[in-house]
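Novice: Below is a structure I'd like to ask you about.
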Amino acid sequence: MKKNIYIMSANISSINESMDTTGTLSTSISLTTKLYKKRYFILLLFILLSMSNAFQWIEYAIIENIVVKYYGTTTFWVNCTSVVFMAAYIAGILPATFLLDTKGLRFCILFGSFVNCLGSWIKCFSVETDRFYVTMIGQSVVAVAQLFILNIPPLLAAVWFSDKEVSRATAYGVFGNQVGIAIGFFVPSLIVPNFSNDNDSHDITTLSSTTVIDVSDKIIGTAEVGSGLRTLFFGVAIFTTLLFVLIVLFFKDKPDLPPSTAQANAQAVNENSSFMGSLKALATNPNYVLLFFTYGLNTGVFYAVSTVLNQMVTGALGEHYVKEAGYMGFTLTLAGILGSIVCGYLLDWTKLFKQITLGVYLLSLVGMIAFTVTLHFKSVW
């Protein structure tokens, strides 16, 4: 794609066309490249933005049983707080990519950061037992923000980093999303208390702010759960607001000079390309189509398991294993974080793209089989 996720914008110092002595048109391209130290700060801002967005994707699903009881809703609707992210991505990724192609990196990052912040604040007004609909509105807004975040890492890496750094910078960009997911698995179960270990005898539809349950000498009711949710939502909202301000002040679309000759040449190559033309080229590329479907299967399984992880763990081990489900999700994503960094370095050093991809897919398969089998052992370890 023109300025797409792999080779985007470039800055050409000068292009001088002249006729040589034989009458043949020749083109001399004088290129000046430079690596700016600011590229690390730009990457850090994006990593934090991606973290804050990914955190919100899973923050409800990982405490599903608590959310169901607090709002008096159903598991289906709690799952929808996660699924809405996938639905929004399917519906909006092409328009979002078109905007990235036409408006540039800074515009999309600013817009994504603003929408992410807006959705975070909307959820702050959902901390009442009858306001789950506000939760869904806020979560839907945050889901729209991801459209302007998830496809940024390769673009940002290509625009700001040298050829030797592109794979690593892309890996660190993805690293932000994974860290956010890991924290999203871990933190909500620590901040938001569970009602009880065994609460089946209570009518969850009649719980009120005065309802209390004595569990292991602790009095836990909807007031305490609401306080935990309020702390969670306002903490995220304040963080995303500060991040939005930093992005407004410091995030640049691209450096004054390109980081590499290849990046500089990319602008000249893409000047005559079109968005729809590049889409057609991708759709007719068998290698890309194969990667599209296989990567989709892998990430689809990851998102599905993450969404219902709480239900799988508490269903097999017991309702009081909410924190353990969070630890499992954290461990799952931490492995992905380490893997993405290692693969980034390996790709830069070896350029063995197919072999490394096959290795990742094989590990995914083995890991999923192991998880499926061991879940039936009813043992946390």
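Quick reminder: no glycine exception, Cβ is built from N, Cα and C everywhere.
According to TrEMBL:
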- 40-58: transmembrane segment (TRANSMEM)
- 42-381: domain 'Major facilitator superfamily (MFS) profile' (DOMAIN)
- 70-92: transmembrane segment (TRANSMEM)
- 104-122: transmembrane segment (TRANSMEM)
- 142-162: transmembrane segment (TRANSMEM)
- 169-191: transmembrane segment (TRANSMEM)
- 232-251: transmembrane segment (TRANSMEM)
- 288-305: transmembrane segment (TRANSMEM)
- 325-347: transmembrane segment (TRANSMEM)
- 359-377: transmembrane segment (TRANSMEM)
Novice: Look over the recorded stretches 70-92, 104-122, 288-305, 325-347 and say which has the most C-beta pairs under 8 A to the transmembrane segment (40-58).
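Specialist: That would be 104-122.
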Novice: Looking at the transmembrane segment (359-377) and the transmembrane segment (169-191), are there 3+ C-beta pairs under 8 A, with each pair at least 6 apart in sequence?
Specialist: no
Novice: Considering every residue in the domain 'Major facilitator superfamily (MFS) profile' (42-381), what is the mean pLDDT value?
Specialist: 83
Novice: I'm a bit unsure how to read this: which one of 104-122, 142-162, 325-347 has the highest number of Cβ pairs shorter than 8 Å with the transmembrane segment (169-191)?
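Specialist: Looking only at 104-122, 142-162, 325-347, the most contacts with the transmembrane segment (169-191) come from 325-347.
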Novice: So if I exclude everything within five residues of the ends of the transmembrane segment (104-122), which remaining residues of that chain have a CB under 8 angstroms from its CBs? That is, six or more out.
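Specialist: Counting only partners 6 or more residues beyond its ends, the transmembrane segment (104-122) has Cβ contacts under 8 Å with 3, 8-9, 46, 49, 52-53, 56, 96, 134, 137-149, 152, 155-156, 159, 233, 236-237, 240-241, 243-244, 247-248, 251-254.
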